[in-house]
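Trainee: What follows is a structure written as structure tokens; I'll ask about it next.
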Amino acid sequence: MQRKHMLYTVNILFNSSSYILITLRCLPVSPYQHEAAALANITVTKHEVTYDPDASWLKFHLGINRYALYSRDDPTVLQLIKDMQSMTVISAVVKPSGHHLKLALKMRNLAKAMFKPMRQQRDEETPEDVFYFVDLQRHNAEIAAFHLDRILDFRRVPPVVGRLVNITSEVLKVTQNEDLRAVFFTSPANNTCFFAKCLYMCKTEYAACGSPDLLEGSLSAYLPGLSIAPRISIPSPWMRSYTFTGREEWEVNPFYCDTIKQQYPYNSGNRLLNIIDMSIFDFLIGNMDRHHYEIFTKFGDEGFLLHLDNARGFGKHAKDELSILSPLSQCCMIKQSTLLRLQLLAQSEFRLSDVMRESLQEDSLRPILTEPHLLALDRRLQKVLRVVHRCVRRLGKDEVITKDFVKSTVTPKAATDGTMQR
């Protein structure tokens, strides 16, 4: 529905390799490599490429560019979503990082996907007494966040799809990890269950259980490996305190953004505008846990922010946490393209809840969100637009609404030199 409007038909044209994240090259083994292999008594065999060059996961990786993870109406993304629902799993390992149970699944065609098992029913809510940093991770939130990100035309969330996984045949029987094998057990209800080693909620009482073997969850497509496409994780200037009583400066200083605007990399280019985009996205899904953001190092200050780890969204449909919007309300800046799409999705014929409802029907685990969560999107969208309206009324349209793709004019070295001079 949203793609019929002209806002979803204007494409960005680029033809420079500097705008593309990675390129596919076949390199022959050099004489030096042959010599090194001979000295190490290693045989260099001649063999054909074992992966499919037309694989959807590879095309997805090759399509990542400076502006987004994928282009509008890219058939590769739709094919990748379809493939992730049916690809044969050949190995499974526990994701080593993170505080919750997550599995890295490798598929027969060398694709990899992150599996987050179902931990809550659709109609369950996060209890009022639970802090955001110990909240459960919801598989349906990951799925819904991908669809919302695509509807907002950000395209910064890797493709996510729901899938029923047989944890006996697709995890236990294919894993080579003895630690993972050791945590499988049969519950009193005769269901196959497993847990894993992590900091929180990875004990037997927090095990993920099938019915009796089938367990639904979200599958998120992997990004290119760090050796191929390095990424860095950067603390968000609006990171929350991860203690029971602490408060950060942005929570008590209404002029906090004035300080941020003077600091690299937020004093030029798109970085601050992209953080404001991310805050709008997080406010709509109710995610309070955005402590860091990631960027591809190749694109530097001109690149977009990745919207990763969205499983703590959609926890409370009745609560609108306005503090998530602090980057927008304190900085009073927004991209013109972002504002135009928000205004479009507030219109009755393109209502956000309707577009989301229609989009989520594509997923095999539908319904992904309950009706109260869908309607909450419309309510929160109106609150975002009211914040923008107040900013425009106070500062004027030219000061608040900013053109897209502002070129960065400050380098890290210049920023450091300026700090030293002061």
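Placed from the backbone N, Cα and C atoms, the Cβ positions cover glycine too.
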Trainee: Quick one: which of K82, K95, K116 does TrEMBL put in the ATP site with S220, A221, Y222, L223, E294, D309?
Mentor: K116
Trainee: With every protein chain in view, what's the tally of Cβ atoms within 10 Å of the Cβ of Y222 (ATP binding site), excluding that atom itself?
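Mentor: Cβ-Cβ neighbours of Y222 (ATP binding site) within 10 Å number 16.
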Trainee: Tell me the Cβ contacts of D309 (ATP binding site) under 8 Å, same chain only and six or more apart in sequence, or just say none.
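Mentor: Spatial neighbours, sequence-distant, of D309 (ATP binding site): D289.
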Trainee: Between A221, L223, which of the binding-site residues has the fewest other CB atoms within 10 angstroms in the structure shown?
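Mentor: Output over binding-site residues A221, L223: least Cβ neighbours within 10 Å is L223.
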Trainee: Go through D289, E294, our recorded positions, and report the one whose Cβ sees the most other Cβ atoms within 10 Å.
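Mentor: It comes out as D289.
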Trainee: With every protein chain in view, how many other Cβ atoms are within 10 Å of the Cβ of S220 (ATP binding site)?
Mentor: 27
Trainee: So the record assigns K116, S220, A221, Y222, L223, E294, D309 to ATP. If I measure every Cα pair among those residues, what is the longest distance in angstrom, as a whole number?
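Mentor: Roughly 20 Å, rounded to the nearest whole number.
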Trainee: Using all protein chains in view, find how many other C-beta atoms are within 10 Å of the C-beta of K116 (ATP binding site).
Mentor: 26
